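Annotated features in TrEMBL:
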COMPBIAS  1-20  compositional bias 'Polar residues'
COMPBIAS  443-464  compositional bias 'Polar residues'
REGION    1-36  region 'Disordered'
REGION    439-464  region 'Disordered'
TRANSMEM  61-79  transmembrane segment
TRANSMEM  112-130  transmembrane segment
TRANSMEM  151-172  transmembrane segment
TRANSMEM  184-207  transmembrane segment
TRANSMEM  240-261  transmembrane segment
TRANSMEM  281-300  transmembrane segment
TRANSMEM  312-331  transmembrane segment
TRANSMEM  410-431  transmembrane segment
């Protein structure tokens, strides 16, 4: 599997968030911006510590994020063309190198280098995600794609679980991340990323269907321009238009649970004296939900193939709605803006907060494993293009969340998630049901045309 994807990620929510007196007013939430992307809590706090040590460093996590988003969204359109030239395994390796480069810039920080590496990793993320989706599809069949998607997702989310544990202990009791601690953490992350790259180099070549490969050789060669054209054509199809709503929801909920929810727990002072410590624990419980969900759906791969993907997506949606309702009751509306003493509908409870973290992670695994499965099952010959469209739509949604989250209260964000989640679940089910109906019709037609399975006819009576 794609080792580097989960080994080279910067852990998220690993540190109690700090309040900047110049931008935050405790309890008011006015004029403050909050992290809204995986790893930004850690990155922004580290960058603040670097600025404290070196005033000439002026880089911010928010600007870095904006650069990553912009490049990532644009490069998703170029990724299928790149993969058509170098193949999925080489694309994963190329993306892995960019992840390692981004991590290494924190060892010797410079403002210009931060933004250059942000652009580089934006490109690398597009290539590595599209490449791994293509590689996963090529090494799966319609019977094994659900299982493989679940196993991949569980292994991917191990970074969130183990990474948060590591950084929580490394940053324990620190309000300022000194240079020695920074170098220790990012050296370990760089080492793990390098190890992931080694494993990727050891991956077997993508499996090839010899019959399909022969047909491709007889047909016109599919070059970079053809790959780009095919991606554009697929984006206009009915199925991709419907799935686009599902993709968009996953981008919004990813931004919410990875950058809005966990800091909101830390800002809710009535949750207890250990509110700040719960930020890291929230990330761990989100990762735990992701890993358990991925592993469970990997084991249930064959059953999913028989009964369909829609029950799992519907279950994920219901789990998310339940978690949104509990968050609505447990946290005040302005909890995402900064430290607040406002009341929620119930007394804020740390156990309810961590339960919601787990449910958010588990529900997310329901959606993502089945999206990987349906894309690999429906588009085995165009997997690079459809996975690029998936990540493009998801990144656009996450970018939208990045812009509105700092100025929109928690309750409105929850309402947005419920509406888009409902729409995304419905559209996913429509595509799944249409595909199942098409498969059933195909099997019926196949049986009726088979003379061995056709119903026997009564022999005609002889005319004497």
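The backbone N, Cα and C atoms fix where each Cβ goes, and this holds for glycine too.
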* **Stretch of maximal Cβ-Cβ contact with the transmembrane segment (61-79) [cut-off: under 8 Å; candidates 112-130, 151-172, 184-207, 312-331, 410-431]** => 112-130
* Near the transmembrane segment (240-261), which residues from the same chain, at least 6 beyond its ends, have a CB less than 8 A from one of its CBs? -> 12-13, 34-41, 234, 282, 286, 313, 320, 327, 336, 356-357, 360-361, 363-364, 367-368, 371, 374-375, 386, 389-390, 393-398, 400-402, 405, 410, 413, 416-417, 420-421, 423-428, 430-431
* **Tertiary contacts of the transmembrane segment (281-300) (same chain, 6+ residues out, Cβ under 8 Å)** => 11-14, 146-165, 168, 257-258, 261-262, 265, 312, 353-355, 357-366, 369-370
